[in-house]
Amino acid sequence: MFTSEEKRTLAGITFAVVARMLGLFLLLPVLAPYVKSMEGSTPVLTGIAVGIYGLTQAVLQIPFGYLSDKFGRKPVITFGFIAYIFGSILGGIAHNIWSMIVARLIQGGGAISSAAVSLAADLIREEVRTRAFAQIGASVGMVFAFSITVAPILAGKFGVPFIFYLTAFLSCIAMLYILFFIKEPKTHHKEIEPSLKNIGMVLKDRSQVMLNLSVGILHALLVSIFTVIPIELINRYNLPKPEHWKLYLPIILVSIAVMVPSTILAEKKGRIREVFLSGIVLIGLGFISHLIFKNFTGVVSLLLLYFIGFHLLEPIMPSLLTKLSHKDTRGLAVGVYNTSQFIGAFLGGAMGGVFLKLGTVYMLTFNSILSLIWLFTLAPWILSVRGKG
């Protein structure tokens, strides 16, 4: 059981992570149509505006983790929140594509994940730390599902700038809570220095490289979908943005319903390989199905199969990372994994912008081929390697 102080710490850190992720997830299904109508917007710039936060996140993940070891967790988390709040306010007042790109770039400066997880590790006992991380992860998953369905309603009723201001406000509250109600650890868990040798161990481990590529591909596909599909729903199928939740909600509910037993099957029954491969197959089939149907049924099948696949993969990939990485370099491995995820998000936005210009069929074809390559080369390589202890 958690102590009262650990409960307070866990609540604050969860709120901090959720407040930041809420802003990113709420914007994901509504930003592309909004940005597309801005002054100076082009399809490619629209995609960059959607995904560029991932570039800053990727660049800052490991440095912020290192700086939190050197100068303390709370100063780094506070700095990250200030950058995120400032970027959110700029996003709310942005009136042309370039100001929006700058705002999103600054938003990505809120790369607090490494410092927040390290703060939790410092203040929560080892015997309950896994449970704490599981609660944080589950909260992020629930926020994702909530955001995808609620965002179109909020954007339709109050406008996209409201979402920027809302997340800035929530982030401000989370920052103040961390500052005033969570103590700064007197000592940090000693991590292996990020020497060239240890970095080389992580980057040369083929199984970890393949897993990092996998999480990058997963999030590149996600962002490319939400760069292209919301605009397709509006322009081709005459589905107004405020009505998109009616499509997203049942799909998310079904995918979560599948996620729970599949995660149990993977972790408790040792079927990670089967669940992992099934997730990739479903994602690939989603793109292929829309490529075949080329109608609203294709959109539904794409989203349904992708999100079932996404929710099969997302919970087990961090667990798989702990099995593939050595305990002495696990912290560094997590940093590289997070960096890969955000690089994928940036590339997904950039690709989505290109596909907006070329047409949806190019997105579906490219992502179908990418899914097949992923299935036949990366996944078996990862899953053939035993844990490192």
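Using the three backbone atoms N, Cα and C, a Cβ is placed for every residue, glycine included.
A TrEMBL annotation is a machine prediction, not a hand-curated record.
Residues or ranges marked as domain 'Major facilitator superfamily (MFS) profile' by TrEMBL: 9-383. Taken from TrEMBL, the feature transmembrane segment applies to 12-32, 44-64, 76-98, 136-156, 162-182, 209-231, 247-266, 275-293, 299-320, 332-355, 361-383.
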Counting only pairs at least 6 apart in sequence, do the transmembrane segment (44-64) and the transmembrane segment (136-156) share 3+ Cβ pairs under 8 Å?
no
Give the mean pLDDT for the domain 'Major facilitator superfamily (MFS) profile' (9-383) on the 0 to 100 scale.
89
Quick one: do the transmembrane segment (162-182) and the transmembrane segment (12-32) reach 3+ CB pairs under 8 Å, ignoring pairs fewer than 6 apart in sequence?
yes
Which residues of the same chain, at least 6 past either end of the transmembrane segment (136-156), have a Cβ under 8 Å from a Cβ in it?
10, 13-14, 17-18, 21-22, 25-30, 34, 117, 120, 162-163, 166, 240-245, 248-249, 252-253, 256, 311, 314-315, 318
